Ligand SMILES: Nc1ncnc2c1ncn2[C@@H]1O[C@H](COP(=O)(O)OP(=O)(O)O)[C@@H](O)[C@H]1O
Ligand SMILES: O=P(O)(O)OC[C@H]1O[C@](O)(COP(=O)(O)O)[C@@H](O)[C@@H]1O
């Protein structure tokens with residue numbers, strides 16, 4: 001009987017559980033033996049495997065986080081750590097490994113592949129920063145969450161006639177800020193992909209208040225600056241009452257959206273098809289609503305880009 005192991009690594013994202021469930025159930029339906037590795041690559045090194053049956057993955061489809069837990073393992077970046085992980089996989093007779101995580105986790109997956117382990121990557125990160133996929137698992141849920149939270153802030157900012165500067169996650173990618181900003185109708189979006197002009201932002205915020213607006217919302221991606229500093233500068237430049245909010249980890253939790261549940265289920269199911277087609281050493285994704293796969297080398301040689309047309313649309317609508 002073929003054996004497959006699944007691990008979740010890096011920052012967790014909503015939809016990881018449903019991806020684990022989809023890989024597990026699809027694998028069981030095809031007579032695989034399935035294992036979960038606890039705490040990502042750390043668990044590979046620590047030999048921390050749990051056998052997964054259909055019951056172990058029931059009741060998790062709609063839960064945020066990852067029931068296998070996640071970790072950031074510095075040891076797995078070293079040749080010794082990787083050798084230990086590979087040794088444990090071989091000792092257990094594991095034929096295939098599925099890594100669910102972000103770009104760092106994909107580096108770990110690529111390392112396993114280079115050691116001869118048949119490896120698959122599923123893009124699990126709220127940041128939407130993996131090349132060659134339009135979406136990553138968790139991004140849509142986070143977008144909806146951030147949009148709701150911005151709405152809450154707008155209510156209170158409006159009552160007090162304030163400016164709200166809201167910082168979103170995303171590392172060096174501005175997609176959460178950009179798309180949540182468009183969805184929320186904010187007044188300015190600061191993202192790492194576009195050079196900021198705080199004087200221009202402050203002037204347009206001030207002009208908005210002069211026209212009779214009761215609030216103003218500026219959304220800043222963490223890769224473009226820190227909300228408290230941006231708020232201080234906007235206050236200095238505009239003289240308006242300004243508050244900073246760092247959304248932080250609250251935007252990484254909660255029940256996955258329907259999109260993320262369906263997307264992660266499709267990806268998990270596709271892994272087993274790829275195994276049957278004899279394709280290995282690939283990261284999966286979605287492009288123009290078709291599931292696609294690319295080798296880890298292709299993914300790392302490609303550059304993640306956001307859709308700058310969206311930024312242009314935002315500028316025309318603001
Ligand atoms: N260059 C690398 N080689 C091997 N493993 C890596 C490498 N980079 C990251 N990893 C593994 O992947 C884990 C998750 O990566 P990280 O960048 O923290 O999160 P994410 O996968 O969400 O981007 C790291 O803690 C480490 O164990
Ligand atoms: O939870 P931590 O370790 O503080 O890391 C925070 C980072 O994790 C993320 O939430 C997700 O990033 P990764 O998917 O690359 O791990 C980033 O948006 C954020 O910068």
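The backbone N, Cα and C atoms fix where each Cβ goes, glycine too.
Sequence annotations record features per position, and here TrEMBL assigns domain 'Phosphofructokinase' to 3-275. Residues or ranges marked as ATP binding site in TrEMBL: 11, 72, 73, 102, 103, 104, 105. Per TrEMBL, the feature ADP binding site maps to 21, 22, 23, 24, 25, 154, 185, 186, 187, 211, 213, 214, 215. Feature annotation from TrEMBL assigns Mg(2+) binding site to 103. Taken from TrEMBL, the feature substrate binding site covers 125, 126, 127, 162, 169, 170, 171, 222, 243, 249, 250, 251, 252. Sequence annotations record features per position, and here TrEMBL assigns active site, proton acceptor to 127.
Taking 21, 72, 103 as the candidate binding-site residues, the subset whose CB lies under 6 angstroms from any atom of ligand 1 consists of 72, 103. Overall, the recorded ADP-binding residues 21, 22, 23, 24, 25, 154, 185, 186, 187, 211, 213, 214, 215 cover a maximum inter-Cα distance of 58 Å. Comparing residue 105 (ATP binding site) with residue 23 (ADP binding site), their Cα atoms are 17 Å apart once rounded. With a 10 A radius on its CB, residue 250 (substrate binding site) counts 13 other CB atoms from all the protein chains. When the neighbouring Cβ atoms lying within 10 Å are counted for each of the binding-site residues (21, 25, 213, 215), the highest count belongs to 21. 11, 169 are the binding-site residues among 11, 23, 169, 213, 243 whose C-beta comes within less than 6 Å of an atom of ligand 2, given in sequence order. Of the listed binding-site residues, namely 11, 102, 104, 185, the sparsest Cβ surroundings within 10 Å are found at 185. The ATP site is defined by 11, 72, 73, 102, 103, 104, 105, and by the 8 Å test on Cβ atoms against their centroid, the other residues of the chain that qualify are 9, 10, 40, 101, 108, 125. Using Cα positions, the member of the binding-site residues 25, 185, 213, 250, 252 nearest to residue 104 (ATP binding site) is identified as 252. Note on proximity: among 187, 213, 215, the binding-site residues of the record, the Cα nearest residue 125 (substrate binding site) is that of 187. For residue 215 (ADP binding site) paired with residue 243 (substrate binding site), the C-alpha to C-alpha distance reads 11 Å.
Cα of residue 187 (ADP binding site) to Cα of residue 103 (ATP binding site): a span of 31 Å. Listed in sequence order, 125, 129, 130, 304 are the same-chain residues at least 6 apart in sequence whose CB falls under 8 Å from the CB of residue 103 (ATP binding site). In space, 102 is the closest of the binding-site residues 21, 23, 72, 102, 185 to residue 127 (substrate binding site), judged by Cα positions. Of all the binding-site residues listed (127, 187), 127 sits in the most crowded Cβ setting, with the most other Cβ atoms within 10 Å.
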